[in-house]
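The following features are taken from TrEMBL:
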type: BINDING; residues: ASN10, ARG21, GLY198, GLY219, HIS220; note: 3-amino-2-oxopropyl phosphate binding site
type: BINDING; residues: ASP12, HIS13, ARG48, HIS53, THR103; note: 1-deoxy-D-xylulose 5-phosphate binding site
type: ACT_SITE; residues: HIS46; note: active site, proton acceptor
type: ACT_SITE; residues: GLU73; note: active site, proton acceptor
type: SITE; residues: GLU154; note: site 'Transition state stabilizer'
type: ACT_SITE; residues: HIS197; note: active site, proton donor
Amino acid sequence: MPKPLRLGVNIDHVATVRNARGSAYPDPLRAARLAEQAGADGITAHLREDRRHIRDADIDALRSGIDIPLNFEMAATPEMQEIALRHLPHACCIVPEKREEVTTEGGLDVAGDLSRLTDYVGPLVEAGIRVSMFIGHDPAQIEASAKIGAQVIELHTGHFCDMHYAGDFAARDAELEALKAGAAYADSLGLEVHAGHGLTYETVEPIAEMKQIRELNIGHFLISEAIFVGLGPAIVHMRKLMDAARG
Ligand code: PXP
């Protein structure tokens, strides 16, 4: 019996639309509640250093306004650690963050920052937060994530999705094999395995098929699709594809 696969819905880009006009709408909390009703298992929100989408007040509102777990995506900075320890979300996903990037472009270099990240993650884990490292499939990064005390890794599926849409199917399939090997290796080390970035209806199935993966975090595509069909139906359809792939 395969383990269930959770869907975390990332609502960052509801805030992107709101901020584009400096208005009070659309409200990310309303989107989160709708996602919850449509069957999301968790809500993900990334408070970036430059607050380009989610803002501090959104985190306050999400923390008290939803009944499903909140996954707080953040860079490994002292400011974000303080905010996480104040809010105590269910989970924190540590991501690399460069001011100039459009989205989270690459995985975190955990192996290259071992001692700082060990010190960084410790207080979060002690506070009862599930800490996840957003990394590529490199075995050295997976081992380093286990070594620093993270309980979870989130595998970066962005390159796999980009290769699919670029029509480079040989590279895409090689990337998929590497992600599969990474998921199996992380699982063998006792890490819980999540995946996310760039996933769409077209790309979700081979990722959802991997039995070690316990959670997918999906945002941009669902918010995009919501423009045409509404957020609830977009989430319901994504869930259906995930469940079908899982068998
Ligand atoms: N997981 C992580 C760690 C991310 O940084 C993001 C983007 O914020 C996502 C998942 C969701 O990616 P997308 O919005 O492309 O679905």
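Yeah, the Cβs are placed from backbone N, Cα and C, and that goes for glycine too.
Around the Cβ of HIS13 (1-deoxy-D-xylulose 5-phosphate binding site), the same chain contributes HIS53, GLY219, HIS220, ILE223, SER224, each under 8 angstroms and 6 or more positions distant in sequence. The 6 Å Cβ screen around ligand 1 retains ASN10, GLY219, HIS220 from the binding-site residues ASN10, ARG48, GLY219, HIS220, ordered by sequence position. Secondary structure at HIS13 (1-deoxy-D-xylulose 5-phosphate binding site), as computed by DSSP, is helix.
Here the recorded positions are ASP12, GLU73, GLU154, and the one ringed by the most other CB atoms within 10 angstroms is GLU154.
Long-range Cβ proximity for GLY198 (3-amino-2-oxopropyl phosphate binding site), meaning a same-chain Cβ under 8 A and a gap of 6 or more residues, is found for THR157, GLY158, PHE160, CYS161, ASP162, HIS220, PHE221. Proximity to ARG21 (3-amino-2-oxopropyl phosphate binding site), defined by a C-alpha to C-alpha distance within 10 angstroms, is shown by none of the recorded positions ASP12, HIS46, ARG48, GLU154, HIS197.
All protein chains shown were included, and the count of other CB atoms within 10 Å of the CB of HIS197 (active site, proton donor) stands at 25.
Of the recorded residues, GLU73 (active site, proton acceptor) and ASN10 (3-amino-2-oxopropyl phosphate binding site) place their C-alpha atoms 10 Å from one another. In this structure, of the recorded positions ARG21, HIS46, ARG48, HIS53, HIS220, the smallest number of CB atoms within 10 A of the CB marks ARG21. The recorded positions close to HIS46 (active site, proton acceptor), defined as a CA atom within 10 A of its CA, are ASP12 out of ASP12, GLU154, HIS197. Remark: ASN10 (3-amino-2-oxopropyl phosphate binding site) has ILE43, THR44, ALA45, HIS46, GLU73, GLY196, ASN217, ILE218, GLY219, HIS220, LEU222 as non-local neighbours, by Cβ distance under 8 Å and separation of at least 6 in sequence. Among the record's 3-amino-2-oxopropyl phosphate binders, ASN10, ARG21, GLY198, GLY219, HIS220, no two C-alpha atoms are more than 25 Å apart, and one pair sits at exactly that spread. If you take the Cα of HIS197 (active site, proton donor) and the Cα of ARG48 (1-deoxy-D-xylulose 5-phosphate binding site), they are about 16 angstrom apart, rounded to a whole number.
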